[in-house]
Amino acid sequence: MRGCLQLARWLSAAPKGTAASLTRAPFVLANAPRFFTSSASHAGSRSTATKPVSDLENRIAAIPIERYRNFCIVAHVDHGKSTLSDRLLELTGTIEPGSNKQVLDKLDVERERGITVKAQTCSMIYNHNGEDYLLHLVDTPGHVDFRAEVSRSYASCGGALLLVDASQGIQAQTVANFYLAFAQGLELIPVINKVDLPSAEPERALEQMKNSFELDTENAVMVSAKTGLNVEKLLPTVIEKIPAYGYFPVYLHKLFPLLTLTSPIGDCKKPLRMLLVDSWYDSYKGVICLVRIFDGEIRAGQQVVSFATGLKYYVGEVGIMYPNETPQSVLRAGQVGYIYFNPGMKRSKEAKIGDTFTRVGFEKAVEPLPGFEEPKSMVFVAAYPVDADHFEHLEDSINQLVLNDRSITVQKESSEALGAGFRLGFLGTLHCSVFEDRLRQEHGASIIITPPSVPVKIIWKDGKEEIITSPAKFPEDEELRSKVAEIQEPYVLATLTFPEEYLGKVIELCEANRGEQKSLEYFTATQVILKYELPLAQLVDDFFGKLKGSTKGYASLDYEESAWQTGNIVKLQLLVNKAPVDAVARIVHLSQVERLGRQWVTKFKEHVDRQLFEVVIQAAVGKKIIARETVKPYRKDVLAKLHASDVSRRRKLLEKQKEGRKRLRAVGNVVIEHKAFQAFLAK
């Protein structure tokens, strides 16, 4: 204020001022804008200027909490979840009708692959019987590798649309996602999609749902998400069937109906209780958090505290996804929206998924929410920058992506061959592949990725157990090996669905991959559900690709963790002139050693440049050589200037050359370029 008064006095006195005072004018005026800017930014971090309230915000404010509905769409891959989401957004006026295609699939990799990778949210307003309802839709992934996304989405929902393709019927991930939703107590509404296809058999699909899930199919809705047929019947069904309750599973409400009268999805009058559901990084705003408000309300300028870290933040902005970030003045109990802090979170690790936030001063009055179960990474790869100078850029890129996907584990490691890098853990091979694509597309990272491997459990003779995720930590020397009681590998229970005509080929494939059959049943006259217990190591070795090839693309696969079983596990290494190449080493079952060893030496030979001496490439387990290839040296013609008849001189020169090559091989280092590793490790 004092600066403003001084500026005003100077301006009023300026006409009478001397030339000297005029020369000072640029200094005062130049600093004035900087003063106002800094003051405004300082004030903005604590409070916000009053903004005109939009019509959308007025409509939301007028909707009581009893007319909130949170629901998601559950289905197998490619059964039409994202397309149905588009039609619902058009129906509610959230987006304009027209050429909308997977509006909620926002990542480039999702649009390229045609699958949903991240669960995306959107708020909608729908008028039913003359009353507005606030609907919160979650479009979930269908693939098993993104199960963590699905389970987090269910936590903020009261019900789900169980979507089945009328032409394909129930598939493996339909079954898996149904049981996941059922365990969470969600109210399930059967929906048959793609009824406009010539091959559609909606009655057969309904019969499958009734027999497999014991669902009441009388209220099932037959739709075509592509054409919009009957989509208008879905939202009234959602409003009438899905409850507006969030603290207790639906089955408890059914057992105790009085509970529903006293336990709505939240209370605006209570202190703030806010759950962090997801987070992502914005280059301008920093870390943005997707939150579910259970109690109270949150506004920009308020100070909140994290129960997990104890750190305090000022809220910079709140809003809803409609379908993009749409600022609001307040988020109330029962709503799902986004917030970001000003100043923002300094480290990505501060945004802990499942964390509870409340207003500063109310920590003792609020009970934190239980949060989410941490998923376990079961597929591991090593990632290295192609150029060692880009390590910091790769680290920043990985941290930003991990902010958006907390099921990934990150650990620094180094390799003599490839330098500094990271050991990354994923939920599956598709999860790994999508992460690699996002690193390249969104951050321009040039990386070398090793083939996927699975963890092993070492049980020592003294009773201790240790999980090994890196080949570098595997006990291979005789002294350590003598202290090991047994080595175990993880198994999974795989559920495969496919037409009956491919049964023989699928069983043959499973047996060839060390599988053990658990059950076989027909859920229709032509469709089979086959359950096999398989080693996870076999599953990540392109098992799904082989399954698709055996069934002409008609099979589907889902799996869940089973148990650890004892196996003959060894460390396979690649040796170049007897020196191990640490970046390539893998932990494998003994049955895979010979096949992999021969593949390695043959492929690696193609990418190693010839030297002045012989280069020997070997695959080895311990001291046993499994396979070998040799790169012949450049040949120098030492006999070029020699007379043809001088036999003794000829022999002497050849012996000297031979001895020289031996010395070179003994002391010479084989120079292997990064591009050779990149080509070797490429699929």
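Placement of Cβ uses the backbone N, Cα and C atoms for every residue, glycine included.
Not measured: the values here are computed from a predicted model.
Residues or ranges marked as GTP binding site in Swiss-Prot: 75-82, 139-143, 193-196. Positions annotated as domain 'tr-type G' by Swiss-Prot: 66-250. Sequence annotations record features per position, and here Swiss-Prot assigns transit peptide to 1-43 based on sequence analysis.
According to its DSSP assignment, LYS81 (GTP binding site) is helical. Confidence over the domain 'tr-type G' (66-250), given as mean pLDDT on the 0 to 100 scale, stands at 84.
Look at the Cβ of each of the binding-site residues ALA75, VAL195 and count the other Cβ atoms within 10 Å; the largest number goes with ALA75. If you count neighbouring Cβ atoms within 10 Å for each of the binding-site residues LYS81, HIS143, the highest count belongs to LYS81. Within 10 Å of its Cβ, the residue among the binding-site residues ASP78, THR140 with the fewest other Cβ atoms is ASP78.
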